[in-house]
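Working notes, beginning with the structure itself.
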Amino acid sequence: MTQPQKADEKPRFFRDEDESVINLNESRSLFVQDEADDSDDGQGHVESSSEVSSNTSNHKERFFESLKEILGENMISSSQLHTLWSSYGLLKDGISIAADKFFEDKELLSKSKTESKMPAGDNIEVIDLSDEENDDELSILPSSSQLSQLFTNKRTSTQAGLESPMSSDKGRNRWSRYIGSIHTMGFATRPTVKPVPIGSRLGFKKSVPKDLPLGKSLQHQHCSHLVRLIDTSQDRELGRMPEDVARILYPLLDYSEQVSLEPYLLINNGKRFSVGDNIYIRIDCYLTSQAFVRIEGGSILNKSFINDHGMDTRQLHRAGAIMALFDAINIQPVYGDTKNEMIPNYQENTVSSSQFQDEALNINQLKSFYRITQSAASLQNLPETTPDESLFKLQLRRYQKQSLSWMLKREYEYSHLSEKAAEVSIDGNSMNPLWKKFRWPSNSKQGTPNHEDDCFFYANLYTGEFSIEKPVIKTIINGGILADEMGLGKTISALALICTASYDEAHEKKIESTKKPSMKEMSSQVDSSPLRHSQHKHDTYAYRTTLIVVPMSLLNQWQSEFEKANKDLKKRCEIYYGNNIKDLRAYVLGPNAPSVIITTYGIIQSEYGRTSTSGLFNVVFFRIILDEGHTIRNRSTRTSKAVIALRSSRKWILTGTPIINRLDDLFSLVQFLNLEPWSHINYWKRYVSVPFEKGNYAQAFDVINAVLEPVLLRRTKNMKDVDGKPLVSLPPKEVIVEKLQLSSSEKRVYQSMLEDAENSVKEGLAKGDLLKNYTNILVHILRLRQVCCHLDLLKKTPDLGDPDLEDLENSTQNISSILMPKNIKSPKSSISQDKLDALSANFRDIHSASEQLPSFECAICTTECIEPLSAVSITECLHTFCEPCLAEYIEFQQNKKLSINCPYCRMPISEANVLKLKEPIDAERGYELISFHSHFQSTKIKALLRHLKQIQETSPGEQIIVFSQFSSFLDILEIELRSHLPRDQVIIYKFDGRLDMKERTRILEQFHDKDLSCIKLLLLSLKTGGVGLNLTCASRAFMMDPWWSPGMEDQAIDRIHRIGQQQTVKVVRFIIDNSVEEKMLRIQERKRMLGDIVEGDEAERRQKRIEEIQMLFQ
């Protein structure tokens, strides 16, 4: 026992910094003093027994009651009260000294806790954190074993009462269940006169204003001052909560009947709280019966807000707070075993390199998205349906039979399914994708509502709604998305569907039933019935016609495929150009309606908005199929709006790439399919676009997966069937990168262009306005790529449709001034016209005119009969050589810095003075020589010619594809190849976006016809050739220039390497060494590793492109 405190010492109750508070509140002292004490002499001596007056017993009672008020009745026992009275009861400020002593004496404090009224079995550990620095700790503390076990019994005792049915409300039992706890650290704002007991039940109160102004986002408000932590035993403020926790609590305090939040003091160091002290608390969270809604027939989805104002501000804040609460208590949704394995971890980056750490969502995660739909559809176990042989000519592969079953089910055409397939029906009541399934914590299992499955509950964290029953959404659309990888035969699958179910049988039966009505029906009033109305002259349902919408290049291919597949002569296919059928509406509603109408996206766009009553928009088709459906991905384009405005009872989308650049690419597909409510843009933005733009990829893709799971089917070439065999067996594919060296003249031009580009990038980086110079930089890169292809491209102003300039449409800069033609100087010949005439005369004398053209021999490779004659190079000494041989010899001598002499006679020659025969070449009229450099030949064209001549010698009859992105380069290639290859041995076709439909059809038909006597060469635009074409007749391809995205090139190659290909596919990619093209390959490899970037918005797309540009100049 310590000595009594001297009377003149200040009682230790508040910290020194709070003394001012005490002085200001002396009139409101917390301690009750006896009036007799005021006359005390201040020495603090103990009164003798002779001075004890008759009011001593009252003084003792006041002493006991004051200590109980300060310390709490449950914190101090009767024996302790008497001990403190006997030592300090008669001292001045004895109550204050006794309270100090109570907390300073460890033995007394321990004895107090042992004797206090606590539940049986409680074992409370006191953790002394008085000397720890906690200022930098996280506001929400991690749950350790020590924290989670602390006060377990106390929570259980409290919880037990809450789990029991609550007071009856209009005859209904009310209940609540524990879902988790938040461990957090608040801070004291008021001093306490005594320590708050560990495990004390605290409370929360909201400060005014109760609501934020309408439209205010809680994310931009400070909430810590709006939520007060209350000591319920004293009904006074104890402290405040950290900002992130307060932001959760603030909206939920208005909904305490639905979400119960119970704070308990978690840790105390045995001292009273002073201003600024840390307060460690645990907030136990409960859901009550009032939080749950009854879901009937998916009505909850109809209740969900479709526009931005469907929920008031309080509801929006509540929904956000509940989502944050579930994150804080770390309660996770429950998935099925398979699906749980397939859920991608969108936040985890599998690439260790630091330069890739800030990448946006990538194609690897898109593959995970596809895998989820594939897994959910149980692809390997899908039943098979074989089309009727009397209706369909072709033999389907196994996976195509499965897709036919799936498509028939999506249209609810069960009568056409095989017996086995018909046994498995489609579940039209899939779980609402906004809702998630959660498991009740195991320690709250008792006293649950009386349901079959009381282990789970369902929550819509986007709206803050809860349900005990599974919330479902009925999928009522007839159709879906067939997203098989390119080359797996989506066209054949769609044609099998058309031939199997070519018309609306149910509608036809209704029509038949109205043709011969009974007497009873005739006498009844049925004029307003749907059946009578369907026979009205204004009926627009073409129930026997499927409309197929395709890119123009595929128009005739689809018609040809239909003719190959269809075996029913009653079924017809028509192509609709817009003006070839005078009255489309009357045609498809008439008795001779075609089974299939094929048209293009362009025709639909041109008819959109017209007032005609006979076009596409005045008919409700039986079925609409969009081939290359990603064409409508941009919802703001006229084409997309037009296609979405088409009407039918069944809708299908065929695309190998549902997502191209943005997650919002899917919205137009969803809108076309009428997937309610996702087809409303505000709904889509709220649950998909906005979360994705904010970096919450998991949330956005979680919704997308759930939305598309029932309506999307995708298979890839690498997948295997139930027997472990690949879905398709394709021949090998070889892709070879051939690096080329620029010629000396090309190098000079390239280096000049490169310096300009680097200066522009460095200037932008130095000024910090690289994005402002975006247009300039793209043009510089375009010019560098053009140099790598052909110098003549620099003499032309590129069309803004070129791939590199597709992002410049909205530029405010004067693009024309940037793209001014460049003066590219070729090596200037020193031969005058008179000398040239003299050399021509001498050449004619050496090679006398005759009926047959002479055979020129190359003195380097000794090839006799150089063909064509346009490939003959002639020196000043009039010796002839192959153009590639002489060019290679001159370049070798220049690189070695050796003198250039004629390989035949050793006479000095000059690159600038090399000659060639002037075209047209006519031996009867005599030869005329011109300077070779009047027509420049690029390094890539030389390499291509070398390969083509080898193929010509070893594989006559080969069909070859030459890809390029630049239409102007295809023009140059056509001229060069025609002039250097014998016309009777090589046939050249050119296919790009400038051709009309008839020309495209003619070229493809002629190219497909194999001719063993000659090579057929198709010059193909990468953009045009990457869409839908079937080019399996060819097995060799050359890629003349690279593109940013490897996917674009892969799509083009897949036009060749697909079902129907019988030979090994060989692809050669020409890349200029140590150039911008070589660095583009690195970017492609980077994208293959990380995946093609899916950006949130246009600014992010541009920022990613700038990062790629910086890589080009590193």
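Glycine residues also receive a Cβ, built from the backbone N, Cα and C atoms like all the rest.
Of the candidate ranges 858-906, 1005-1053, Swiss-Prot annotates residues 858-906 with the feature zinc finger. Candidate binding-site residues: D484, E485. Fewest other C-beta atoms within 10 angstroms, E485. Here G487 (ATP binding site) comes close to K717, V728, L730, D1054, H1057, R1058, I1059: these same-chain residues lie at least six apart in sequence, with C-beta atoms under 8 angstroms from its C-beta. Tertiary proximity for the motif 'DEGH box' (627-630) is limited to same-chain residues at least six positions away from its ends with a CB under 8 Å from its CB atoms, namely 481, 490-491, 494, 548-551, 554, 558, 653-655, 657-660, 665, 669, 672, 1027-1028.
Non-local neighbourhood of L488 (ATP binding site): Y399, R715, T716, K717, L727, V728, R1058, I1059, each in the same chain, at least six residues away, with C-beta under 8 Å from its C-beta. Taking the centroid of the Cβ atoms of D484, E485, M486, G487, L488, G489, K490, T491 as the ATP site, the other same-chain residues with Cβ within 8 Å of it are G656, R1058, I1059. On the 0 to 100 pLDDT scale, the domain 'Helicase C-terminal' (943-1114) averages 82 in this prediction.
When the zinc finger (858-906) is classified with DSSP, helix, strand and coil residues number 16 helix, 8 strand, 25 coil.
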